[in-house]
Amino acid sequence: MAAPKVAVVGAGVVGLSTAMCIVETYPSCSVTILSDQFSPNTTSDVAAGMLIPHTYPGTPIHVQKQWFKDTFAYLFAISNSAEASEAGIHLVSGWQVFKNTPKEELPFWSDVVLGFRPMSEAELQKFPQHRFGQAFTTLKCDCPPYLLWLEKRLKATGVQMYTRKVADLWDLHSEYNVVVNCAGIGAHQLVGDEKLFPVRGQVLEVHAPWVKNFIRDGDGLTYIYPGIHRVTLGGTREEGSWSLSPDPGTTKDIFNRCCSLESSLRGAEDVQVKVGLRPSRQCVRLQRELLSQGGVKLPVVHNYGHGSGGFSMHRGTAKEAARLVGECIAALEGSSSRAKL
């Protein structure tokens with residue numbers, strides 16, 4: 001058959017990375033990205049981009065660990081390259097602190113990040129409200145530059161990108177051989193996924209160049225993540241809220257919570273507020289599906305539902321989605337060669 005045509009729906013970090021993995025694995029494919037929003041207007045642009053995984057209850061831990069390892073290794077290589085600054089990727093050290101010792105003192109990802117260890121008594125003196133902590137070095141993506149870097153690399157390989165709102169995946173059956181659904185929270189409407197729900201996140205970005213270490217409260221709600229130019233302060237996890245409007249009371253609450261962990265932030269300037277809807281479900285939906293109407297078939301690969309773990313897992317799930325696309329192409333080539341017989 002001619003070069004297979006693959007459409008990727010969605011241009012957040014998962015969509016762009018999936019397109020990248022397809023191009024790298026199957027260079028003979030013609031890949032097109034379709035999305036109603038591109039950077040800087042995607043959910044991924046709001047994300048803090050810290051590689052600290054959260055756990056998906058419905059996904060085996062060994063699978064999650066592999067996704068994280070793949071992502072960490074990929075970004076670590078970029079952070080050690082001449083492209084690190086343009087891609088917005090850098091190493092950052094810091095602390096995750098707990099008011100009470102967690103049941104799991106060694107999270108599944110502890111041997112993937114660098115230098116993971118319990119905090120010393122001297123370090124804990126910085127956080128008098130907290131009794132236990134973990135110190136480690138991980139990676140941070142400054143999201144808008146990273147998305148633009150991915151877009152630039154994709155365009156250089158010949159990937160086409162079009163602003164287009166896809167209302168039904170079946171609408172693409174006459175133009176493409178395989179469709180990849182990376183629509184994020186949009187999959188709720190696009191494929192009617194009732195298991196997918198928004199978790200609203202409001203964050204602040206501030207100018208505080210003296211803050212060099214990340215600090216994360218173990219409950220995951222309050223965090224301070226220094227980027228290359230600005231520091232991200234968070235956050236909220238509001239399940240079921242679809243509101244994209246910043247809430248002034250929430251802004252004040254986030255700022256006060258972060259100042260209680262790092263009082264020097266009282267001197268932060270130029271506060272900007274961002275809101276995003278994390279596409280959450282019990283597990284990432286990463287699977288093949290065969291749509292069929294009137295004897296016509298359309299292979300679809302789903303890769304969405306990453307919740308707050310999108311940046312931590314994006315490259316690992318993209319590699320798996322690309323492998324599933326390969327299975328779809330092999331099945332198509334098998335059926336076309338049988339048709340010739």
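For all residues, glycine too, the Cβ spot is worked out from N, Cα and C.
What you are looking at is a predicted structure, and each value in this text was computed from that prediction instead of being measured.
Feature annotations, courtesy of TrEMBL:
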- 1-19: signal peptide (SIGNAL)
- 5-324: domain 'FAD dependent oxidoreductase' (DOMAIN)
- Thr43, Ser44, Val166: FAD binding site (BINDING)
- Tyr223, Arg278: D-dopa binding site (BINDING)
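Distribution of TrEMBL features across the structure.
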residue	record	Cβ within 10 Å
Thr43	FAD binding site	25
Ser44	FAD binding site	30
Val166	FAD binding site	19
Tyr223	D-dopa binding site	24
Arg278	D-dopa binding site	24
Inter-residue Cα distance where the pair is Val166 (FAD binding site) and Tyr223 (D-dopa binding site), in Å:
35
Per-residue pLDDT averaged over the domain 'FAD dependent oxidoreductase' (5-324), given as an integer:
96
Over all pairs in Thr43, Ser44, Val166, the listed FAD binding residues, work out the largest Cα-Cα distance in Å.
19
Using C-alpha atoms only, work out the spacing between Arg278 (D-dopa binding site) and Val166 (FAD binding site) and round it to an integer in Å.
20
